[in-house]
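Asks: My structure is below; once you've seen it, I'll send some questions.
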Amino acid sequence: MSKRDYYEVLGVQKGASADDLKKAYRKLAMQYHPDRNQGDKAAEQKFKEISEAYDVLKDDQKRAAYDRFGHAAFENGRGGPGAGAAGFDFNFGSGFADIFDEMFGEFMGRGRAGQTSNRGADLRYNLEITLEDAFKGATTTVRVPTSVACESCNGTGAEGGSTPIACPTCNGHGKVRAQQGFFTIERTCPACHGVGRVIKDPCRTCGGQGRVRKEKTLSVNIPAGVEDGTRIRLAGEGEAGLRGGPPGDLYIFLAIAPHRFFQRDGANLQCRVPIPMTTAALGGSVEVPTIDGSRAKIAIPAGTQTGHQFRLKGKGMSVLRSPARGDLYIQVVVETPVNLTKKQQELLREFEKAGQDGLHPESEGFFAKVKELWADLKD
């Protein structure tokens with residue numbers, strides 16, 4: 001059974017904002033949550049479906065992959081939600097537990113204990129590469145503005161070697177409870193904002209954040225055969241976590257610059273090559289460039305027309321994680337001579353006078369059909 005469109009599952013438009021997605025998910029999750037529909041298998045399945053849809057659409061990277069490839073973005077080797085294009089594993093992390101705790105922790109008295117640190121944000125970096133780099137692979141460096149752990153406090157956020165203490169308001173749990181009727185309402189602690197710890201003496205360098213802004217220089221390995229839009233994950237190279245929390249990841253988005261000779265079609269390459277009229281008429285050979293830097297010679301049969309295509313097997317792009325290569329397709333364009341000398345013009349006129357019957361079968365056939373059409377119109 002084919003999966004439903006994720007936007008349809010949540011009942012939102014494709015261009016819905018993050019807030020719209022969250023509101024739609026909260027409403028549906030409250031309606032179909034198993035605790036409210038005990039024993040109802042249909043509701044349980046519906047809850048799983050909307051959870052899966054929200055898990056993908058709430059994440060910018062996974063949503064972009066879904067918008068481009070649909071459900072196929074997470075199948076056929078892409079490894080499910082959290083895998084990237086071309087098989088790279090990006091492990092975005094669902095974050096479903098966060099919204100679950102936010103909704104049902106407060107409503108039903110659930111929720112995780114507060115943590116002393118928060119994970120850093122993931123970062124995106126757009127990198128343009130050449131077609132040659134995509135063909136053979138490359139190693140390049142990027143400079144990324146980010147945040148790193150504060151050296152003064154070793155990322156703790158506390159000044160002078162002191163350590164954070166348990167929040168006295170929530171006793172280190174990160175949440176406070178209040179009884180309302182039959183329900184126990186659990187909310188994020190307003191004193192520590194859910195961290196469970198407070199800093200009495202904040203670090204003067206980072207202001208108690210445990211991290212500072214800095215530009216990092218990183219090396220990026222680009223494998224041979226990558227395509228436009230491929231994403232590469234550099235684990236742990238995102239923003240530093242808050243007060244010693246784990247860092248996020250950095251995602252490199254590749255864009256392949258246009259090439260002056262070649263156009264790419266998957267693993268194949270296409271190239272238009274002009275040839276002289278005389279070569280097309282009499283036959284001959286031409287040398288053409290290839291993506292690996294070598295030259296290939298093509299034999300041009302006599303009578304070759306514009307648009308004729310030659311295939312050079314194995315002269316195309318590399319295939320990711322494979323020794324195979326695509327093909328190179330050469331399309332010839334017969335060039336009409338310009339700026340003829342008087343002598344050249346005379347020779348062409350002599351050629352024309354020598355007789356044209358059978359020399360131009362396509363044009364002769366075309367005009368023969370035109371004459372027939374005119375004759376039919378007169379009748």
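Keep in mind that glycine also has a Cβ here, set from the backbone N, Cα and C atoms.
The following feature annotations were taken from Swiss-Prot:
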DOMAIN    5-70  domain 'J'
ZN_FING   137-215  zinc finger
REPEAT    150-157  repeat 'CXXCXGXG motif'
BINDING   Cys150, Cys153, Cys203, Cys206  Zn(2+) 1 binding site
REPEAT    167-174  repeat 'CXXCXGXG motif'
BINDING   Cys167, Cys170, Cys189, Cys192  Zn(2+) 2 binding site
REPEAT    189-196  repeat 'CXXCXGXG motif'
REPEAT    203-210  repeat 'CXXCXGXG motif'
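Could you place the listed features in the three-dimensional structure?
Replies: Per-residue pLDDT, averaged over the zinc finger (137-215), rounds to 86.
Taking Cβ pairs closer than 8 Å, the repeat 'CXXCXGXG motif' (150-157) reaches residues 163-164, 199, 202-206, 208-212, 240-244 in its own chain, all 6 or more past its ends.
Cys150 (Zn(2+) 1 binding site): 23 other CB atoms within 10 A of its CB, across all protein chains.
Neighbour count (other Cβ atoms within 10 Å of the Cβ, all protein chains): 24 for Cys192 (Zn(2+) 2 binding site).
Beyond the repeat 'CXXCXGXG motif' (203-210), the same-chain residues lying 6 or more positions past its ends with a Cβ under 8 Å from any Cβ of the stretch are 117, 149-153, 155-159, 240-245.
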Asks: Tally of helix, strand and coil residues over the repeat 'CXXCXGXG motif' (189-196) according to DSSP?
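Replies: DSSP composition of the repeat 'CXXCXGXG motif' (189-196): 0 helix, 0 strand, 8 coil.
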Asks: Report the nearest neighbour of Cys150 (Zn(2+) 1 binding site) in space among the binding-site residues Cys167, Cys170, Cys189, Cys192, comparing Cα positions.
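Replies: Comparing Cα positions, the candidate nearest Cys150 (Zn(2+) 1 binding site) turns out to be Cys192.
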Asks: State which of the following binding-site residues has the fewest other Cβ atoms within 10 Å around its Cβ: Cys153, Cys189.
Replies: Cys189
Asks: Reduce the DSSP letter at Cys167 (Zn(2+) 2 binding site) to three states and note it down.
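Replies: The residue in question, Cys167 (Zn(2+) 2 binding site), is coil (DSSP, three-state).
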